[in-house]
Structures are given as structure tokens and as C-alpha cells.
Amino acid sequence: MRSDNQSFLWDPPKYFILLGISDRPWLELPLFVVLLVSYILAMLGNISIILVSWLDAQLHSPMYIFLSHLSFLDLCYTTTTVPQILANMGSSRKTISYGDCTVQYAIFHWLGCTECIVLAAMALDRYVAICEPLRYAIIMHRPLCQQLVAVAWLSGFGNSLVQVVLTVQLPFCGRQILNNFFCEVPAMIKLSCADTAVNDTTLAVLVAFFVLVPLALILLSYGFIARAVLRIQSSKGQHKAFGTCSSHLVVVSLFYLPAIYMYLQPPSSYSQEQGKFISLFYSIITPTLNPFIYTLRNKDVKGALRRLLARAWRPCRR
């Protein structure tokens with residue numbers, strides 16, 4: 001009997017129930033519409049950025065190599081979570097299998113960590129462009145950009161692998177109800193019935209390293225950029241220099257502020273009620289806004305989009 005009870009405690013559940021906003025049924029339809037529209041906009045916006053970055057010869061600079069990878073990350077980010085959230089909102093069975101849940105939080109954390117490093121690489125690119133303009137082409141050559149992107153993806157994968165290996169070993173003692181919209185590591189740790197000190201410590205250390213170190217590099221880069229810009233004599237030159245960085249700073253703020261609040265607080269103070277809405281914000285709202293932030297404030301991207309649309313429209317007029 002004891003053996004059967006221990007087996008029950010340690011066997012993973014077949015599925016989890018994702019509560020989402022089941023306790024607020026009146027919110028489900030408005031939120032479903034908002035998520036559906038946001039997802040469509042995120043898909044269209046990020047695919048457009050990727051296409052113009054690859055098809056327009058004027059956007060083959062390092063900055064747009066990083067931007068196309070950022071858009072691809074955001075595309076994958078939303079696709080990992082939003083279709084499943086929409087399916088659950090449209091169904092009375094708000095469940096996800098154990099295997100699908102594991103894949104979801106593995107990919108989600110892989111992409112999130114990768115994006116942290118890509119944003120840091122973009123800050124480095126802006127630093128070199130503004131502080132070392134004459135050496136920009138020599139320093140930020142294409143092989144270096146490809147290496148930085150590869151490091152970002154491999155680092156994200158390594159972080160995710162460690163998190164998955166530790167999380168799949170947690171027992172849940174029959175607990176199946178996740179107070180979240182989708183599966184992610186903090187919610188899984190909170191649900192476990194075992195001592196999670198190792199998981200909490202590992203999550204805190206890895207997140208501190210992959211969030212705070214890139215953020216520190218970004219802030220350091222922009223500190224040097226601000227000093228260099230303030231030395232520019234003309235106000236027009238200052239405005240142009242700050243304009244090239246403002247889009248990136250807005251995207252960094254939208255991504256890092258929720259992540260810091262979500263992952264760098266003590267496990268004892270983690271609120272699943274607040275956490276699930278913050279998770280929803282950076283899994284759909286941020287990826288939806290990113291392409292519009294870069295498009296609206298970037299003349300090169302707007303010009304490339306116009307040229308791409310003109311090329312696509314030309315055969316239709318014949």
C-alpha cells in the first residue's frame with residue numbers, strides 16, 4: 001500500500017487544468033477578442049519586419065539582422081502560448097496534457113532567455129554605431145553578428161534545458177489545477193508538493209544571470225551613448241542619435257520590467273493571480289507592440305515596407 005501511495009505521489013498527472021480567468025466568465029469573451037486581434041497583429045507585424053529585413057538590400061546591416069531575429073523570437077513567443085489560450089477560452093475543458101505543458105514551458109523559457117541576449121546585442125550595435133562610427137563596419141561585421149545570435153540561441157537553450165530537467169522531477173501529489181493561462185516554470189514550482197528549494201535557487205540564479213547581466217550591459221551601453229550624444233554640438237544631430245535608440249529602449253523597457261517583477265521576487269511572495277496577467281502581458285502585448293514601435297519610429301523600415309508593397313502591387317496593375 002505504501003508503495004502504491006508513493007507511486008501516486010511521484011507519478012506525473014496526465015493533464016493540467018489551466019484556470020485562466022474561469023472565475024471571471026464575463027471577461028472571457030472580451031479577452032478572447034483582444035488576444036485574437038493581438039495575435040493576428042503580432043503575426044502580421046513580425047512577419048513584415050522579417051520579410052523587409054531579408055528582402056530589402058538597404059536593411060542588410062547588423063541592426064536589422066538582430067531585429068529580424070527579435071521578430072522571429074516574438075513570432076514564436078506568441079505562437080507557443082496564444083493559440084492554446086484561445087482554444088481553452090473557447091472550450092469548457094481548459095486542459096493541457098503533461099507532455100504539451102512541458103514542451104510549452106521549455107520553449108517559452110528558451111525564447112525568453114534568447115531575447116534577453118538579442119536585446120543586449122542590439123544595444124552593443126547601437127553603442128558601436130554612435131560611439132565608434134568610423135570603425136562600425138570593421139567591428140560589427142556579419143560573422144560577429146551571426147556569432148552573437150548563435151550565442152543567444154544556444155544560451156537560451158541551455159537555460160531552458162536546466163529548468164526542464166529540474167522541473168520534470170517535481171512531484172505534484174495529484175494536484176492538477178494551474179492558476180495561469182499557460183505553463184511556465186514558476187507556476188509549476190508553486191504547484192509542486194515537494195521541497196522546491198533547489199528549483200527556486202536555480203531559477204533565481206539563472207534568471208539573475210540571463211536577465212540582469214544583459215540588462216547591465218544594455219544600461220552600460222546607453223550610458224556611453226548618452227555621454228557621446230551630449231557631446232554632439234548640433235541639436236539636430238542629438239535628436240537623430242537619440243531617435244535611433246529610442247525604439248530599442250522602449251522595447252527593452254516593455255520586455256525587462258515585467259520579467260524582473262515576475263522572476264526576481266522571492267518565491268514566498270510570488271502571487272499567481274498577479275503573475276498570470278504579467279505573463280499574459282509579455283507573451284502577447286509586448287510581441288504585438290514591438291514591430292509597430294520599430295516601424296513607426298524608423299524611417300528605414302517604413303521606406304522598406306513601402307518599397308516591398310510597391311513591388312508586390314506592381315504585377316497586379318499589369
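Yeah, the Cβs are placed from backbone N, Cα and C, and that goes for glycine too.
Positions annotated as domain 'G-protein coupled receptors family 1 profile' by TrEMBL: 45-294. Taken from TrEMBL, the feature transmembrane segment covers 29-52, 64-87, 107-128, 148-172, 205-230, 242-264, 276-296.
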Review point. Does the transmembrane segment (205-230) come near the transmembrane segment (29-52), with 3+ Cβ pairs under 8 Å (pairs 6 or more apart)?
Key: no
Review point. The transmembrane segment (107-128) and the transmembrane segment (242-264): do they have three or more Cβ pairs under 8 Å, with pairs 6 or more apart in sequence?
Key: yes
